[in-house]
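Copied over from Swiss-Prot:
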type	residues	note
DOMAIN	9-202	domain 'Glutamine amidotransferase type-1'
ACT_SITE	C86	active site, nucleophile
ACT_SITE	H176	active site
ACT_SITE	E178	active site
DOMAIN	203-395	domain 'GMPS ATP-PPase'
BINDING	S230, G231, G232, V233, D234, S235, S236	ATP binding site
Amino acid sequence: MKTANHPDTVLIVDFGSQFTQLIARRIREAGVFSEIVPFQSAEAAFKRINPKAVILSGGPASTSDIGSPRAPQIVFDAGVPVLGICYGQMAMCVQMGGVAESSNHREFGRAFVEIEKDSPLFEGLWATGQRHQVWMSHGDRVIALPPGFQVFGKSESSPFAIFGNVERKMYGIMFHPEVVHTPDGARLLRNFVHNIAGIEGDWTMRAYREHAVEAIRKQVGKGKVICALSGGVDSSVAALLIHEAVGDQLTCILVDHGLMRKDEAAGVVAMFRQHYNLPLILVDASEKFISALEGEVDPEKKRKTIGRLFIEVFEEEAKKLGGADFLAQGTLYPDVIESVSFTGGPSVTIKSHHNVGGLPERMNMQLVEPLRELFKDEVRALGKELGLPESFIGRHPFPGPGLAIRCPGGITREKLEILREADAIYLDEIRKAGLYDAIWQAFAVLLPVQTVGVMGDGRTYEFVCALRAVTSVDGMTADFYHYDMAFLGAAATRIINEVRGINRVVYDVTSKPPGTIEWE
């Protein structure tokens, strides 16, 4: 979605931090639209957007490195408020005439700042003499302030942890206010955009809807669009948004790749045909997908194979429809972040997603991705704005590659059927216990491991099933759900008793990070 017509935009210059998108999230929570751009193209973006304020993100580089990233000088010369975070603080310091250096006393994780002087940045939050918890991740520090700047706070290893120039409305902070581990961080960012930058904060999902519809119409024109519908919240919201924008230029296609949950394809078709009146085609491509995936153990190759086959199927269906110019997907921020830096900046790739990094380089259709700037909870809010029922909006996320990435190792039809049954029982137990809405995402994983068991008087040698459940807000970080042991025992017993091929059940207690929510 372009922001050229939005008068109150915050430009976020991305230096490669994995938390850059969380900055955007916090700014949006404050009711202010934001756009992330890589530092390499920040000058052009600044001229295009004419932002009301600029935030410089953190990043993995050191200002001492030759060729390390810098913000365009226009950011500091234009007279708009600027906030530098972590590496962004270092870049601001050096570019404004101060001095920064690599430090032997690094700060990672929880830290504390001591307030030395009151500042508009933390007005109503922190006062002189107070000590407050923050979250840091840096190896550099400021050793000399730029001319006209003053210190507002210090930390154990940095005498200039918070500095600024009140008259020019420029501030630098060594910590990360965007993460939840800085308790007052979100309010500090609100102070910056509302009080210092003077932005009212009137951006809402209704506003996003209007801008997205306008952007879709501009991109699509009179072209035909096919939408990859999975029945999940993301693709459903994308389909409704695009349908609102271009009407009968849209055709939805549900590809049954043989990797869906139990009875899912039939349920999705019934819901969308009966309740939303969207043109929907069901394609049974299960043989095509499973044959291509059978025996493949590399998770990246699985994802890329699925991405390639999806495009092949969509292009085949487009021909049957007389041609299509665009392929629409429900790609979200976290999908893009884990595949490659959203902005093309220097963030580290974690894994490819089938609808991002798994796409072939050559396609005969252009992509339409109206949700790629939104977090999951924002998509749910947009779905509510579009009229989707709460019961549907609250569904757990389900990945496009489906059960393929919940079946580590080689895939077979037999394994998929075992996993499908175990997953259905697990989710049924969660619903019966009244826990479904308290959990962000829950699913079963069939491990490529067999163990010895005893059932009746006989020896068994069958698969291990891992259960996964996490709590999260936006999918960027997650904690495992703390079940009562009685629940886990009951779910495990039912799975072992009812699913032939499983004789052992384990529970995954890994958070994100260090793990990802999905196993592959």
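Cβ atoms here come from the backbone N, Cα and C positions, even for glycine.
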Cβ-based isolation winner (fewest other Cβ atoms within 10 Å) among the recorded positions E178, D234: D234
Closest of C86, H176, E178 to D234 (ATP binding site), Cα positions, active-site residues only: E178
Around the Cβ of S236 (ATP binding site), the count of other Cβ atoms that are within 10 Å: 27
Using Cα positions only, nearest of the recorded positions to the residue listed as 'active site, nucleophile' (H176, E178, G231, S235, S236): H176
Close in space, distant in sequence - G231 (ATP binding site), Cβ under 8 Å, 6 or more apart: L254, M260, E264, A265, G267, V268, M271, F272, F398
Spatially closest candidate among S230, G232, V233, the listed binding-site residues, to E178 (active site) (Cα to Cα): V233
Stretch-averaged pLDDT - the domain 'GMPS ATP-PPase' (203-395): 83
Shell list (ATP; ref centroid = CB of S230, G231, G232, V233, D234, S235, S236; cutoff 8 A): L229, V237, A238, G330, F398
Cβ neighbour count within 10 Å of the residue listed as 'active site, nucleophile': 26
Long-range Cβ environment of V233 (ATP binding site), under 8 Å and at least 6 residues apart: G330, K376, V379, R380, G383, L388, F392, I393, R395, P397
Per DSSP, three-state class assigned to S236 (ATP binding site): helix
